[in-house]
Amino acid sequence: MNLRELVSALNDFASPALAESWDNVGLLVEPSPPHTVNTLFLTNDLTEEVMEEAVQKKADLVLSYHPPIFAPLKRVTWKTWKERLVVRALENRIGIYSPHTAYDAIPHGVNNWLTKGLGTCTSVPLHPSTAPSSPAEGTHRVEFCADAEHLDAVLSKIKDIPDISCLTTLPVRVEGEEQTRVSLNCSQKALLEVVALLSQNSLLYHKTEIFLLQKPLLPHTGMGRLCTLSEPLSLSDTVERIKGHLGLRHVRLALGAGRTLESPVKKVALCAGSGSSVLKGTEADLYLTGEMSHHDVLDAVANGISVILCEHSNTERGFLSELRDALTIHLQNKINIIVSEKDRDPLQVA
């Protein structure tokens with residue numbers, strides 16, 4: 001596939017608009033066009049060892065779940081390992097694409113995969129995603145009626161206000177009089193100016209309606225998951241299920257206040273990777289994530305919530321095999337998709 005065609009297909013699989021605002025997702029490194037992709041190489045972390053594996057396996061595009069370029073690069077030299085990744089990629093005509101938190105949000109993504117370690121359960125996003133393109137512009141809609149005497153002067157002043165969009169007029173009959181219904185979208189800042197303008201004319205102001213534009217929630221999409229198990233499990237059995245799903249011999253466990261290994265677990269709040277900000281304040285029997293700060297663990301424990309920490313990328317990496325199968329179908333078997341054998345969590349139990 002042509003690289004740009006493939007990137008478009010990857011964006012359809014998980015829209016970059018679903019990623020968190022602080023994230024750096026999408027195509028990060030692009031070889032000079034035209035660039036054909038025969039082999040797509042999947043990894044959780046793009047390290048130098050993994051990059052060499054991608055070169056050896058003649059990859060044309062690396063899909064790295066974590067973006068290897070996050071903080072802006074001021075230069076591309078051989079001095080730092082992230083700069084060297086870019087050099088090696090361009091020298092070998094390998095593109096780099098990262099989905100990161102877009103894959104966290106989608107219904108068929110990383111967090112959904114993580115729920116499968118709990119057994120039969122229902123789950124909902126902890127922080128639902130909103131439709132990225134609806135409404136297209138503005139935070140508020142303002143509607144008012146004006147007669148012919150005031151219409152042109154008001155519209156002229158409104159058009160001078162920045163951040164006004166979707167301005168429309170419609171003839172209407174109000175209390176037997178011919179008037180014009182004006183509708184516009186505006187930002188929060190522009191709303192103050194519009195209201196100030198309309199308040200100068202009491203007739204206009206009393207006929208003004210203001211609506212908050214809220215984007216609709218996307219079903220089953222968002223950050224984190226709150227899982228309700230079909231049957232309660234003991235905490236010890238839950239730990240064993242999670243270890244089996246992630247292929248781990250050990251996890252870190254903090255018992256909630258008043259809890260034991262035999263305490264029942266019915267509700268689990270989880271977040272792949274670093275879950276403190278996503279899980280915080282959620283009522284559950286158990287928090288499951290890769291890593292949390294010491295003080296956030298203490299807060300959870302004090303509230304009677306047990307915590308399982310598996311190390312950051314251990315809660316993500318296992319998704320790659322499922323991703324390979326899903327992308328094979330999504331891309332209609334047009335390219336070869338392989339999963340890195342060198343990618344691994346940097347932390348080991350000694």
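Quick reminder: no glycine exception, Cβ is built from N, Cα and C everywhere.
Copied over from TrEMBL:
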type	residues	note
BINDING	His66, Asp104, His312, Glu316	divalent metal cation binding site
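Cβ proximity to the divalent metal cation site centre (mean Cβ of His66, Asp104, His312, Glu316, cutoff 8 Å) flags the following additional same-chain residues: Asn44, Tyr65, His100, Val110, Ala272, Gly273, Ser274, Gly290, Ser313, Thr315. The Cβ neighbour count for His66 (divalent metal cation binding site), using a 10 Å radius and every protein chain shown, is 17.
Long-range Cβ contacts of His312 (divalent metal cation binding site) within its own chain (separation 6+, distance under 8 Å): Gly273, Ser274, Gly290, Glu291, Asp345. Least packed by the Cβ count within 10 Å, out of the binding-site residues Asp104, Glu316, is Glu316.
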